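The structure appears right after this line, and notes come after that.
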Amino acid sequence: MATTPAAAERLLNLVIALVNTPGRMTKEQVRTTVAGYGDAPSDDAFERMFERDKDTLRELGVPVLTVTDASHGDDFGYRIDLDTYALPPIDLTAAELGVLTMAAELWQDRSLRADSSRALTKLRAVGQAPGSTDLVAGLTPRVRDGGGAFAPLVDAVQARQAVRFTYRAATSGEVRARVVEPWKLLARRGGWVLVGRDRDRAASRSFRLSRIEGPVRPVGAAGAFEAPTDNELATALASWDSGTRGVATLAVLPERASALRMRHVRDDEAPDESHGPVPGREVVRVPYRAQWELAEEIVGYGDAVLVLAPASLRDVVISLLRTAAALDAKEPARG
Amino acid sequence: MADRASDRLLRMLGMIAYLDRHEGVPVGEIAEQFGVSPAQVMQDVELLWVTGTPGYLPYDLIDFDASSYEQGVVRLTEGRGMTRPLRLGAREAVSLVAALRALDGALGPALDDERAAVLRSALAKLTAATGDAAAAVDVALAASGSPGATAAIATALRDRRRLHIRYVNASDVATERDVDPIRLVTDDERSYLLGWCRAVDGERLFRVDRVLDATVLDESAEEHDVAPDADTFAPSPSAELVTLRLASRARWVAEVTPVEAVRNHDDGSFEVDVRVVNRDWLQHLLLQVAGSVLSIDPPQVAAEAAGAARSALEAYGELAGR
């Protein structure tokens, strides 16, 4: 097994020492008294080892505080404050722990999986008996990988720190550096999206994580931008919300488009008197959240589904069809 | 399994807190609680036993009752101040709370009252313990499908019963079949039922938004072995290969379609190679992105899609002329 007992033991001893120290421990005290650090062959090796261990502990959520002692000038040391260290009182039942275990499985993203599995290890300490997963038998939720951009963006959102990254615009294909104040990460239909304020455009924008090329780097200090107001955030998120926007009236060939028909609303819920019967077709009322989305679905059915209303939806569909009708006028691709 | 020092540290800290709350726990139970082998638990306990505060004299060390340990029961007698459970880091809290919220939103309709209550209480306790950290990430799973069909699938899964479904495929043809349900997979785009189709005697992935009707049968579902990746759509490598050249604005095609290869061109356009199992599916895609299509190979595929578009336009013409 690929364990590193020495590192785990040294880290554990450091945590225990820093929790139990009456005031603080200087670096030198750590080196001479905490088991595992005396082995460092040189000053440099000790420095590197101690810095790395401190980073590891902070990464794990262990609050290692840097404290200066007034009576010792600028000489500073370290301690762990137990009140900051500890989880607020929480008790989980076996069933709740089971649900959390399933939730931790949701992520296909590697960094998110690592984070949620750590969280779970911590919560197992306060859970009742082994968690039963039977409760959620056969239900497998999953969220796709956010790629390398995900973890640094979550950190930046939390820290309210601006980021710089290279982005390939969908509309033009243009590849350009962006500086963004990150507000929120959304997993929506088909992928991860960052919503934030584009500094060059001085306006809110959405960015698909899959179109970010290369690394995401922090710009400037943490806490350097104002969090968006509720209004700004709501406006930026509006296009990603679900919810019904309208109801379309469609004329459908018999026996066709059953998946679309399944979502129909009854006439008394959303009456539309503007259309009488259409010979050879059935009139069906289907709700939608975005016109383009329903238009793209309808176009796929060809002549089996025609739009009667609203006219704006019919225009979108007809325009898509006109474009598609010219598809065979193009040259074949040569790979 | 690789066990990094940091993972092991967290587990050992968790064990002290756990053993402080539970008086004397058999090694096997600890192993189940933390999801590791009993041998690993014993290695962890033995390491904990020799750690403590500087000085490392007997009373400085974490201590266990040696005679219970010989009986295979771990009883903590000295925790050296480490008995409080460690808080969650910001990203850890985000990852779990966002996952629970997504589950609540998506699986809500598929869960009975008892299970829904467990999900909500876990979410409430976790949010209370971690604060508002999770606002950074918002996941909406798309539990597509009619509430009736979704509920029937969830019931069949829970009670291990067979399902009778009416299903319409990508070619818009409806069929009826009996299915032994295996998993309900919900992602950010839609839900799928992975099931064993009795008619073809093989596993099939059904889009739940195309399940027209689902009835839970009295018969029990049989157990079937399926590959772990059976719930991921992967077209057969022998399926027909179609190459599309698309303008940059259609980049989402490469993101949501299982493509074999993507080649970027300097002008921002790109080419994708797609294995096509079902021509109707491809035609649907082409009608959607027609405005971004620069070329299609083989050309016959383009001709079929254009023909379908022309008949739809004719139908609109008749409608206007009536």
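Using the three backbone atoms N, Cα and C, a Cβ is placed for every residue, glycine included.
Noted in TrEMBL for the protein shown:
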type: DOMAIN; residues: B:7-128; note: domain 'PafC HTH'
type: DOMAIN; residues: B:151-216; note: domain 'WYL'
type: DOMAIN; residues: B:240-313; note: domain 'WCX'
Which residue counts does DSSP yield for the domain 'WYL' (B:151-216) in the helix, strand and coil classes, in that order?
12 helix, 40 strand, 14 coil
Secondary structure content of the domain 'WCX' (B:240-313), with strand meaning DSSP E or B:
37 helix, 25 strand, 12 coil
So how many of the residues in the domain 'PafC HTH' (B:7-128) end up helix, strand or coil by DSSP?
80 helix, 12 strand, 30 coil
